[in-house]
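Novice: Dumping the structure here so I can ask a few things about it.
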Amino acid sequence: MEAGTKMQSPEKETRPEISTMSVQSVPTLPLRSTDEKAIPLIGFGTAEYPFGASRDTLKETIIEAIKLGYRHFDTAAVYQSEQPLGEAISDALRLGLIKSRDELFITSKLWCSDAHHDLVLPALHKTLKNLKLEYVDLYLIHWPLSLKPGKPDFPFKKEDMVPMDIKSVWEAMEECHHIGLTKSIGVSNFSCKKLETLLSSARIPPAVNQVEMSPMWQQKKLRKFCEEKGIVVEAYSPLGAKGTAWGTNQVMECDVLKEIALTKGKSVAQVCLRWAYEQGVCVIVKSFNKERMKQNLDIFDWRLSDDELLKISQLPQCKGYPALEFVSDDGPFKSLQELWDGEI
């Protein structure tokens, strides 16, 4: 598909216009709630559980990713990957792999223990110190609840969960944007209902909602809502996060996806990423294997047929990560239905 064209899903929805970056022809999408630079539609994820497990080798992996053409990197306070990412950026500049930090799109996230009005700005300052940067391109609220103040950690004690004052936390996020520490602000793991609550008081609407999304969990309702509100959907675990504590093999072992991959001469992973791309969403991919890192970028010069898209649209849906850790009889969300507002 050529850059600048409009994509359509099997339901013939109108997709946002995209443009193509000069590096590796990775397309970008404008963040419509701001006038800042566009977000590359393939991002490199840095989360590996247990968090910090690959800390010693992560810097070199990120440098390799930059060499391959990745320009969008996704981190978070709780991932313990901000510091290696910052070191990799410094080395990439020193080695001439990039001419300017502005060539990169860096996302980080506010952890629940800092999701309190007066802790948001200090948390972002710490993130920027870890990254050795003056600003991030996108700063997200990681989950729609708060923990008692303390060190960013996962798993956490369920008795530490408290309701988030979304209005005051978002006001602090808006202040971070206002003073230039983040170019855009957004959320992660927010349902339609929780987005509506946020939008009812927000002066700056969220630019992005990062959520689980794959062919086996297509988020059609949420994507439609976000499209209507001008919010870019960013997909994590697009391959099902197989091999992680929260992941599942239902995506990579899906017979329909395997059949399409065989027909195309592509991998199942490439079919999943191409499908997400054709839905007009941003995708966060995570592989520390060089060959798979290359393959994950090789999704832009071919397309899925209407019949293949239809088959994928009809796959049975099952959320891979229900997030039971965030549910407690004594917490803000007493059931998965409350956490996801029925979107499960």
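Placement of Cβ uses the backbone N, Cα and C atoms for every residue, glycine included.
Straight out of TrEMBL:
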type	residues	note
REGION	1-26	region 'Disordered'
COMPBIAS	17-26	compositional bias 'Polar residues'
SITE	LYS109	site 'Lowers pKa of active site Tyr'
BINDING	HIS142	substrate binding site
Novice: Find, for the listed recorded positions LYS109, HIS142, the residue with the lowest Cβ contact count at a 10 Å cut-off, counting only other Cβ atoms.
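Specialist: Sparsest of the recorded positions LYS109, HIS142 by Cβ contacts within 10 Å: HIS142.
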Novice: Would you mind reading off the Cα separation of LYS109 (site 'Lowers pKa of active site Tyr') from HIS142 (substrate binding site), to the nearest angstrom?
Specialist: 5
